[in-house]
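Reading through the structure tokens given below for one structure.
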């Protein structure tokens, strides 16, 4: 039976010259050196360079044509990683030289550079809708970069050109045409980052004073571009009580103010607004996230061997995580995560305590344990990160910390909280359930049942991180709905409270759609 009668399609051969077996064997075959794979820090052989078979660049692996000329010396996975990098918003405007510098800083691999970009997007909700529960005032950013503000406005921190409180979300009109991708709120001040890497600030221009009722030397009531940062492409800001930190697109950390006595690794005057690069161990390591506490800074760094956390600043209470209570003038690696075999993915710096979510979903806390804010069932301090055992059956994806308060968000969208119960900011309405004081402190993680009534997956939690303001909390859902509870006496909940009320016990939706 031949191929025609069997129904099997005939194989067609075209332009194949007759060649003897000896000639084929004698033909020179180019050799290509085996490259070593660098995938998230694990080195193992097995890949081959694209030059070994250039035609494979057109195969279905890429699904669509690449938007750049392929580098024939790259492996298939490296080329694919570069293609994905080029689709990231903060990567697109980078020059070829800047791209190569980023690759070098990440460990010489496009896959490591891609991990750096994706890690930053995941832990900061960069370019996604977000809500910030600041000290007495609130900021909400839509998915398209429009900014709303409401609450206390004694220093012009709402950005509307006035000093009047706002009890309803009001759009900051002067930012029309500027897309905001990240926001930070401190005592009497607000900072916003645009998709062009520019930083805008408004409110008071000095540090520490508003916490004690004293105004700064200058008040700014509308967003103003920070000229000293114009040569740095910024992707995140973080506001402490005595300092501000910014993170560049390339993963470099800069700080300004509070450099006196080299507290943050540089010698400056307390009111210096010039950004100073954070010196020491992080000079050549790309940082993906920064988190500012009352008087210290945490940095989540991306290394070829994995993610790591560095801390700097005041060490009281053990909140720097090094097993002591001494200050650190330069960034120092927190070694405990390696001992716990834990890969940090998200960091949070409360006023006096800190927390981390690991890649495997575990949660670690350390620092002052007052009111049970560490979740270990007691009020003891921990000077090194300790796993919260009560959450062992929960896979966490996000953590938020405030003044002795902690919230954990699970992969399923469930929310757990523990710590100080003042202002009803934990969301546990135990009084309504006949269990006593709704302001009771919670020493171990408890499910926030009131948020289950929302019947939507929660994707972000934000809470007030200040020791001198009553706390409020935001819960943002997957569809862009924003719910608030806790202190609302200044309008920071987005609604005017009635009958001399000062707080809201149960989460209620704010009249704003962030999607």
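Each Cβ is built from the backbone N, Cα and C atoms, and glycine gets one as well.
Listed in TrEMBL:
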- 129-463: domain 'RCC1-like' (DOMAIN)
- 145-196: repeat 'RCC1' (REPEAT)
- 197-250: repeat 'RCC1' (REPEAT)
- 251-303: repeat 'RCC1' (REPEAT)
- 307-360: repeat 'RCC1' (REPEAT)
- 361-412: repeat 'RCC1' (REPEAT)
- 413-479: repeat 'RCC1' (REPEAT)
- 480-515: repeat 'RCC1' (REPEAT)
Other than its close neighbours in sequence, what residues sit by the repeat 'RCC1' (480-515), given a CB gap under 8 Å and a spacing of at least six beyond its ends?
129-131, 133-134, 136-138, 140-143, 148, 150-152, 165-169, 423-425, 427, 429, 431-432, 438, 450-451, 453-454, 456, 463-464, 469-474
I'm checking region-level scores; what's the whole-number mean pLDDT for the repeat 'RCC1' (413-479)?
86
If you run through the repeat 'RCC1' (307-360) with DSSP, how many residues end up as helix, strand and coil?
7 helix, 25 strand, 22 coil
Looking only at the repeat 'RCC1' (361-412), how are its residues distributed among DSSP helix, strand and coil?
6 helix, 23 strand, 23 coil
